[in-house]
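Structure, as C-alpha cells:
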Number of protein chains: 10
Amino acid sequence: MSGTMHTLDSSLIPRLPASSPTLFEAKKQKKLSFEAMGKELGRDEVAVAAIFYGQALANDEDISKLSKILGIDHKELESQLAGIPDRGRTIEMPPKEPLIYRLYEIVQTYGYAYKAVLNEKFGDGIMSAISFSTKVEKETDEKGDWVKITLRGKWLPYSRF
Amino acid sequence: MSGTMHTLDSSLIPRLPASSPTLFEAKKQKKLSFEAMGKELGRDEVAVAAIFYGQALANDEDISKLSKILGIDHKELESQLAGIPDRGRTIEMPPKEPLIYRLYEIVQTYGYAYKAVLNEKFGDGIMSAISFSTKVEKETDEKGDWVKITLRGKWLPYSRF
Amino acid sequence: MSGTMHTLDSSLIPRLPASSPTLFEAKKQKKLSFEAMGKELGRDEVAVAAIFYGQALANDEDISKLSKILGIDHKELESQLAGIPDRGRTIEMPPKEPLIYRLYEIVQTYGYAYKAVLNEKFGDGIMSAISFSTKVEKETDEKGDWVKITLRGKWLPYSRF
Amino acid sequence: MSGTMHTLDSSLIPRLPASSPTLFEAKKQKKLSFEAMGKELGRDEVAVAAIFYGQALANDEDISKLSKILGIDHKELESQLAGIPDRGRTIEMPPKEPLIYRLYEIVQTYGYAYKAVLNEKFGDGIMSAISFSTKVEKETDEKGDWVKITLRGKWLPYSRF
Amino acid sequence: MSGTMHTLDSSLIPRLPASSPTLFEAKKQKKLSFEAMGKELGRDEVAVAAIFYGQALANDEDISKLSKILGIDHKELESQLAGIPDRGRTIEMPPKEPLIYRLYEIVQTYGYAYKAVLNEKFGDGIMSAISFSTKVEKETDEKGDWVKITLRGKWLPYSRF
Amino acid sequence: MSGTMHTLDSSLIPRLPASSPTLFEAKKQKKLSFEAMGKELGRDEVAVAAIFYGQALANDEDISKLSKILGIDHKELESQLAGIPDRGRTIEMPPKEPLIYRLYEIVQTYGYAYKAVLNEKFGDGIMSAISFSTKVEKETDEKGDWVKITLRGKWLPYSRF
Amino acid sequence: MSGTMHTLDSSLIPRLPASSPTLFEAKKQKKLSFEAMGKELGRDEVAVAAIFYGQALANDEDISKLSKILGIDHKELESQLAGIPDRGRTIEMPPKEPLIYRLYEIVQTYGYAYKAVLNEKFGDGIMSAISFSTKVEKETDEKGDWVKITLRGKWLPYSRF
Amino acid sequence: MSGTMHTLDSSLIPRLPASSPTLFEAKKQKKLSFEAMGKELGRDEVAVAAIFYGQALANDEDISKLSKILGIDHKELESQLAGIPDRGRTIEMPPKEPLIYRLYEIVQTYGYAYKAVLNEKFGDGIMSAISFSTKVEKETDEKGDWVKITLRGKWLPYSRF
Amino acid sequence: MSGTMHTLDSSLIPRLPASSPTLFEAKKQKKLSFEAMGKELGRDEVAVAAIFYGQALANDEDISKLSKILGIDHKELESQLAGIPDRGRTIEMPPKEPLIYRLYEIVQTYGYAYKAVLNEKFGDGIMSAISFSTKVEKETDEKGDWVKITLRGKWLPYSRF
Amino acid sequence: MSGTMHTLDSSLIPRLPASSPTLFEAKKQKKLSFEAMGKELGRDEVAVAAIFYGQALANDEDISKLSKILGIDHKELESQLAGIPDRGRTIEMPPKEPLIYRLYEIVQTYGYAYKAVLNEKFGDGIMSAISFSTKVEKETDEKGDWVKITLRGKWLPYSRF
C-alpha cells in the first residue's frame, strides 16, 4: 500500500449501518488494507470497501473470514452484517467529496456520449449496474501515476411488449 | 453497427450548442456511426460522440475531416465548432435517462469504495477527469452481451502548502 | 372506449420529441384509441401510449403500421421516430399530475415494503425496469370500477465480485 | 423463503416510528418471514412489511397476533403501534435504493402512458392509492425468475361542481 | 363584481394549454366575470376559473355554452378543450404569488392538526381531492370583508389487505 | 369519536417543541379526543390540535385547563408552552403524508382559480392566514362520509403607496 | 438622478407581463426616472418601479398618467396593465443579483431577531406585507452615502378560534 | 412590553451555538425583554436579539453586562460567546415561519423595484448588509398598530478595474 | 494568445442580455482577445470579459472604445449596454462547467479556513465582492503552466448598533 | 493578530470529523492563532485552518507538531487525524455565512469571465483545485484594509483521445 490507510470520517456514521464503524475500527487496529482483505476473501478490493460502507452484500463465508482476520466476534459481526444492504444513502448527491465528484463529472460530461455509442453498439437498452463488476488498477509511466477504473455490466435490451 | 443509429432528440436542442443539430442532421443523412467517424478522425468513438453533444473540443483537423465525411460546409462547421466547449449543461442531474442513470447509480453506490481503494493505492488526491480518456468495448459470452467501460485518468496528489 | 379520447396538452410539447405532436394530431383526426392501435400493432396499449410520449421504441414494423392507420407520411414518421428514445424527461418529478402522483405515492408508501418482500422471496437484487412489461385492466364490481396495473420484470441478482 | 431474511438498516431508525426497531428485532430473533407472518395475520405479506415500516395500520387483532408470534409484550406493542400511521417520511425521494428506484423509474417512464390509457378506459379521474391493495408474486421460466407486482385501486372520477 | 376583472398574465402562457389564452382573451372582450359564467354553465365559479386555467374538465355542454357566451368558434374551442386536463403544472411550488401562498401556508401550519382531527373523526384514511368540490363566499361585518372557502371531499378509508 | 385516537409519531419529535411529546403522552393516558378538549377549552378542535403540534398559541387560561384535564404539572406545562409558536417547521414540503398531500394538491390544482375568483369578488389583495379561523365537519349521506373543511380569513387589500 | 437610468435586462422578459417591456422601452426613450414618474403619479417611486416589474397594481388614473407622460397609446397600455398582478415570479430565489441578495441576507441574518422583538412589542402575529408601504431615502455624511429603506406594515394578531 | 416574552423553541437548538440556550434560559428566569437588555447594553434591541440567536458579535463589554443582568457565570458566558458568529444557518430558506416569511416576500415582491430605484439614486452598487444597522418601531393610529422597520446600510459602488 | 479564441455557446444566449451576442459576434469577426481589448480600454481583461457576459458595467468611454475596435454601431451598442447589469443569472449553481466548478470547489473546501484566517487577521466582517478587483496571471515552470488568480477586496467590518 | 481568535461554532460539530472539536478546544486554551501555528508547522495558515476543519491532510510531522504546541496527547490526535480527509461536507451550499457567500458570489459573477480569459491564455482545460495552493494577505492604505487572496493552481489541458 503506497497510499494511506483509509479510515472512516466520524461525521459519516449516522448515514451508515451499524456494521461500518465496527469494521473500520477493527481495520484500523489490524492495519489491514482493502487489497489485503480482498485477497483473503477472494473478492475484489472495491467490493470489500463497498461492504465496509454498507453498499455490498457479505455472505456467510465473507462474514466468517472478516470476523477472523479483523478479530471481531463472529456473532456480533453476523448480527450487524446479516441482511441485504440498503444501498445509496451514504453519499449526498451531487457528491461534495472532490475524488467522488470527478466520477460524477465524468457522467455529467460523457453521459450522452456513452448512450450514443452504446445504442449504436448494442441497440435499445442499458448497461446493468446490478449484473455488474468493477475494478481499480494503477498504472505508472514517465508522466506519473494513472488510475484505471473498469466498469463491466451486462447489456439489458428493453423488452418489447 | 449491430445496434441502432443514434439520433438527436429534438427536445434536447435548447440545451446544446448550434453545432449539435447540424452534426446530427448530417450524420443521419450520411448514415455514419460514431465508430466509423472515430476511425476517420483517429479518435475514440466516445470522443466523437462527445463532440456531437458539445462536450469535447474539435481541433482544426477534426473539423476538416468532419466537414468532409459529413458533407457540411467547412466554413459553417468551423464557425459553429470553433471555441472551447461549455461542458456539462446538457444533462439535468440526477439523470432521468435510464442508461445514464445506471452510471450515476454506480457513482452513488461505489463512490466511497472507490475513494477508499484509491486513497490506499495512491495517497491523498483524485483521479483527473481532464487528463483523462475513456473507451467502450463489447464483450459476448454464453450469458449474452457485456459492456466494458474503461476510465483512465491521471492521479493528481493534493499539494502541500 | 368508455372514457375520453386522450389528447396532448400543448404545454408539454417542449419536453417531447418531434414525433409526439405529429402522432397525437393524427390520432385526434382519426379518433383512434390506444387500445385499438395496440391491437393493430400487436403491442400492449401502454406500450403504444409510451411510443406516443417518446418513452418506447417503435421498430420498423410499428412505424409502418402507425403510418398506415394514422395516415401519416411514412418517410416523415420514420424520420421522426427513428432512433432510440431519450426516456424520462417528460415528467417533472415529483409528478404534479394527480393520476401520476398516486403511482408515485405508492412507491413512496410501499417502497421499503416491496424491497423487504422481494429480498425475502428472491435474495439480493432488483426487479428490472428494462426487461419489463406492464398492462392495465379494468374490473367492475358492485362498488364501482377498479384499475388493475400489472408490473412484470426480470429479477436481477447482484453480481458477486 | 429462498431469499434472505430482511433486516432493518440501523441508519433508517430516525425516520421510523418507535415500533419499527421493536418489530424488526423480534422478527430477527424469531427468524420469521413476512410471508409466514402474513399467513398468521390473514393479511398480505406486503401489508405486513408496511406495518413494520410504519406505513400501514395494524388493528387490534393484528397487534395481538404480532405480539404472540413475535414474543413482544402486548402492552408495549399496543402502545407503540396504536395510532394511525404518519406515512411517507421513510424514503427520501427520488429513492436512492436501487430496487426502489426501479419502481420510481417505471412511474417516470410510463407515467403519461398510464394516464393516457386510464383516461381512455375510465374517463377523467385517478386510480386510488388509498382504496387500494397490492401483491407480489414470483414466476419462474427458462430465462430465470420474474417479479410480478399487482396494483389494484378503485377508480375515482373527478366530481363535477 | 365589486373586484377587478381577472386577466391572464402573459408570462404564464407557456405553462398553460392552448385553450387558456383563447378563453381569457374572449373573456376580456366580453367583460364577463367567472360568477356570471358559472351561472350560465350551472357550475361553480371556481370550477369555471379552473377550466380557464386548464385544471378542470369541460364537458360538451360546457364547451357549447362557453363558445356561445364568449363568442368563440365552437370547433376551435372544442378542439382546444377536448381531452382530459393535465393538471398541476401551472403553479411552481411553493407558490410565489402572495394570495396563493397564504393557502399553502395554511396547509403548512395546520396540516398535522387537520390530520389529527380527521383521524379522530373518521379513522385511517384521507379526504379525497377528486371526489371533491369547493366554493368561495364573501361575508361582510363591521370589521370588513371576509373570505370563506369551503372544501368538501369524500372520506376514503385505507383498504385493509 | 368514531375514528381512532391520534397519537404522535416518535420520529416527528425532533421537529417539535418540547411541549408536544408532553401533551401527546398525557392525551394518550387520559384517552381524550381533540373534540373533547376543544369543548373544555372553548376552542375549536383544530386549534387544540395545532397547540399540540406547536402551531398555535395557548394562553394562560388554555394552559391552566390543559394542565388540569391532562393531569400535567402546571409549572412544567407553562414553562414548555409559554412563548409564541415558531410555526411551520413541522412539515417538510411538499408534504409526504397522503392526507396532508391532498390539501396541498388542492392548492396546486385550484390555486389560480381561487385567485381569479377572489380578485373578481374583492379586488387586489389576499385572504389572511393570520386573521383566520378554520373548522372541520363530518357529513354523511347515502354515498358515505364527507369531510367539510371551512377556511375563513379576513380580506386584506393591498395598500396604495 | 445622480445614478444611472435603470433599464430592463432583456433576458428577464420571459418572466414579466407584456406591460413590462412596453413601459421600460418608453421610459428609456423619454429618459424619465422613477422618482420623476412617482411625482407625476402621486405615488412612491418604489411603487412605480413595482408597476414596471408587474408587482403592483396600476389603477385607471395611474394608467392614464403613465400613458401620457410615457407617450404610450392609452388603449394598449390599459389592455396590458389591466388586471391584478401575478406577483412574485420575476425573481428566482435565493436572488442571484448582488443588490437584492443583500436584502435577502438581512432576512436570513436578522429574521429571528425581528420575530423576537416584534413578539415582545406586539404579541403573537405578523407584520403585513399587504397592508404595507415602503420607501427609499439617500443620506450622505462624511463617510459617504447611505441607503435608508423603511418598511411599514400593519400588525396583524393571530385570531383565537 | 405589551407583547409576550419571546422564548426559544427547543427544536431550533441544534441549529444554534451553545450560547443560545444559555442566554434564553437565563432571560426566561429573569423575565427580561430585549428592549430592557438593549438599554442596559447601549445597543439596539434587534442587535441584542441577534446576539441571542448567534447572529451578532458580543464584545467584552456586552458579555460582562449580559453576564451581570442575566446572572450567568462570566467565564462560562465568555467561553460560549467568544468568537465571531457563524451567521446564517439558523433559518432554513425560504423561511417557513409566517412572520419571517412576510419579510422574505417583501424581498421577492419588491426586490427589482428596490434595485431600480437604488440604481437611479446611487449608480452601480449595493446597499451593504455589513456596514448596516436596523431598528423596529411601533406606531399606533385609529386603524391599529403598525410595525416600522428601518434598514440603513452604506452604499458601496462597484469598483472599476 | 497562446490559447483559443473564446466564443459564446449559443445555448447560453437566453440567460444573457441582448448585448452579449452582439459583442461576441463582433469579437469573433475581429479576432480580438480579451487581453487586447483590455489594453485598449485600460481595463483588466477579466473586467472586459465580464462586460461581455453582462456582469460588469461599461461606462460611456468603454462603450465608445468597444464600438470602435469591434466595429459595432455606437448607437446600437449604447442602447444595449446602457443600464446597470443584472448580475448573477448566467450561471446555474452549482456550476456544471468543469473550469468554473473548480473555483466553486475551492470555496466549498477552503471556505471556513478563509473565514477563520480572515477573522483572526481583521476581526468581524467580510471581504467585499463589490469594492473588489481581480486578475489572472500565467506562470510557467519546469512542471508546466500555472494559473494565478488574485482576488482583492475591501475589508468591511460589521457595524455595531 | 489584530482580529479575533477564531473559535468553533458548536452547531457545526456534527458536520466535522472528531479531530475538529479536539483541535479547536486546545487552540482556545492555548490562545494560538492560525498564523502562529502555520509558522510552527512550516505551512500556510490557510492550510492549518483547513486541517482544523477537516479539509486538508496533516502528515506525521504536522501531527507531532500540533500535538506538541497544542498540548494534545499524541496518540489521540494521531488516531483522530490519521486518514485522508473526506472533504466538502462542512459547508451547505450556497453558503449562508456572509463572508463565505461573498467568495461564492465572486464565482457566480465572474465565473464565465475567468473561463473566457483562461481559455484564451491557456487553451482547453482547467485550473487544478488539487495541485493548488492559496494564501491570504492584508494590505492597508488610506481607504482602510484590503484582503488579498491568491489562488494558484496547475493548468491541466484536456486530453485528446
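Just so you know, glycine gets a Cβ as well, placed from its N, Cα and C.
Listed in TrEMBL:
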type: DOMAIN; residues: G:25-77; note: domain 'HTH cro/C1-type'
type: ACT_SITE; residues: G:Arg102; note: active site
type: ACT_SITE; residues: G:Glu105; note: active site
type: ACT_SITE; residues: G:Ser128; note: active site
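A helical conformation is recorded for G:Arg102 (active site) in the three-state DSSP classification. The distance from the Cα of G:Glu105 (active site) to the Cα of G:Ser128 (active site) comes to 20 Å. Note on G:Glu105 (active site): other Cβ atoms within 10 Å of its Cβ, all shown chains, come to 21. Within 10 Å of the C-beta of G:Ser128 (active site) there are 22 other C-beta atoms, taking all protein chains into account. Using a 10 Å radius centred on the Cβ of G:Arg102 (active site) and all shown protein chains, the other Cβ atoms total 24.
Counting only the Cα atoms, the space from G:Arg102 (active site) to G:Ser128 (active site) is about 21 angstrom.
Mapped onto DSSP helix, strand and coil, the domain 'HTH cro/C1-type' (G:25-77) counts 37 helix, 0 strand, 16 coil.
Under the three-state DSSP scheme, G:Ser128 (active site) falls in the strand class. Averaged across the domain 'HTH cro/C1-type' (G:25-77), pLDDT for the predicted model comes to 97. Filtering of the active-site residues G:Arg102, G:Glu105, G:Ser128 by Cβ separation from chain J (threshold: under 8 Å) yields G:Glu105, ordered along the sequence.
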